[in-house]
Amino acid sequence: MKWLVLLGLVALSECIVKIPLTKMKTMQEAIREKQLLEDFLDEQPHSLSQDSDPDKKFSSHQLKNFQNAVYFGTITIGTPPQEFQVNFDTGSSDLWVPSVDCQSPSCSKHKRFDPQKSTTFQPLNQKIELVYGSGSMKGVLGSDTIQIGNLVIVNQIFGLSQNQSSGVLEQVPYDGILGLAYPSLAIQGTTPVFDNLKNREVISEPVFAFYLSSRPENISTVMFGGVDHTYHKGKLQWIPVTQARFWQVAMSSMTMNGNVVGCSQGCQAVVDTGTSLLVGPTHLVTDILKLINPNPILNDEQMLSCDAVNSLPTLLLTINGIVYPVPPDYYIQRFSERICFISFQGGTEILKNLGTSETWILGDVFLRLYFSVYDRGNNRIGLAPAA
């Protein structure tokens, strides 16, 4: 679910693959600082690293770090391989990249897949349309060999974008999206990448995990097939998935300074690596912004003076009986020396079929604080403070 604005497991088994991810600012900031983004991307290497021992199925690349919001890594498609940067997104289930047939400005600024240059590509000629919180794409389906680190999937169905909306998808530094949610969210008749990894026993355990660093010196990582426990502190707390579509869990309360600011009757929360912010119902987010930012600047309720950050309250989220604090230095991002941005966004009232009248999306603001494990074998999420 791209919402961008601005395990009794084998630990580090021989079939864990770790893919370092790149992070960047919120999309609002990226758009405002387009030239800075372009300069940054020009300076970054785009090579796909390989571990020296192929039997270990372990992969790790150099982190490309652009501030603090979106995390993405490298995959290849086709034979010979064509390399792409993708957003590993737990809020959607499909894989797609731009096609050479796409002439939209949004496509022209990214790498595009050329089927004619791949000897293993098979056209499926099925038209598709995908809509995200940050934009949309139209295209067709095809199948080819996909490689994530040294994990290889042959005949993986994926989307080739032929038309993309402008705006956020035009400005992001990644080319496409690799969805990691449940197959019930995928295009009908297709099998998501992770399900093929699992079903074909390319990985040893049906799990993946994310470490999203908040510090430039630490490498952010997605790992497949197990868990490297050095990335978290303390014990993983397991939370059952309430609906096997999104990575959705029950949340019992949200408070600030002892005041209930959301989830007063219980609610649902979607844990989503593809969303930058904390997203909730518009009326509740509006109240939170008024509470923590009574004197907004620049006529924007999300903008405040950075001098006020130290006096702001910590957000407390209670999930499965465990309290997860989110301090202000995580939900506030520095826009400039004096101007800061509040990482709350409204809009979840448009989401349907989640079995609740109140939904929150716990995006990267939350996941930078908490290492997260996604256990498809037991339909549960594990959370622990990030190391």
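Cβ atoms here come from the backbone N, Cα and C positions, even for glycine.
Database features (TrEMBL):
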- ASP89: active site (ACT_SITE)
- ASP272: active site (ACT_SITE)
- CYS102-CYS107: disulfide bond (DISULFID)
- CYS263-CYS267: disulfide bond (DISULFID)
- CYS306-CYS340: disulfide bond (DISULFID)
- 71-384: domain 'Peptidase A1' (DOMAIN)
- 1-15: signal peptide (SIGNAL)
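Everything TrEMBL records as a feature, shown here on the structure.
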residue: ASP89; record: active site; Cβ neighbours (10 Å): 27
residue: CYS102; record: disulfide bond; Cβ neighbours (10 Å): 22
residue: CYS107; record: disulfide bond; Cβ neighbours (10 Å): 24
residue: CYS263; record: disulfide bond; Cβ neighbours (10 Å): 24
residue: CYS267; record: disulfide bond; Cβ neighbours (10 Å): 22
residue: ASP272; record: active site; Cβ neighbours (10 Å): 28
residue: CYS306; record: disulfide bond; Cβ neighbours (10 Å): 16
residue: CYS340; record: disulfide bond; Cβ neighbours (10 Å): 24
For the domain 'Peptidase A1' (71-384), mean pLDDT (0 to 100):
94
Do you know offhand how many angstrom separate CYS263 (disulfide bond) and ASP272 (active site) by C-alpha?
18
Measuring Cα to Cα, tell me the gap between CYS340 (disulfide bond) and ASP272 (active site) in whole angstrom.
23
About how far apart, in whole Å, are the alpha carbons (Cα) of CYS267 (disulfide bond) and ASP89 (active site)?
22
ASP272 (active site) and CYS306 (disulfide bond), Cα-Cα, nearest whole angstrom:
27
Within 10 Å of ASP89 (active site) (Cα to Cα), which of the recorded positions CYS102, CYS107, ASP272 do you find?
ASP272
Please report the Cα separation of CYS107 (disulfide bond) and ASP272 (active site) in Å, rounded to an integer.
24
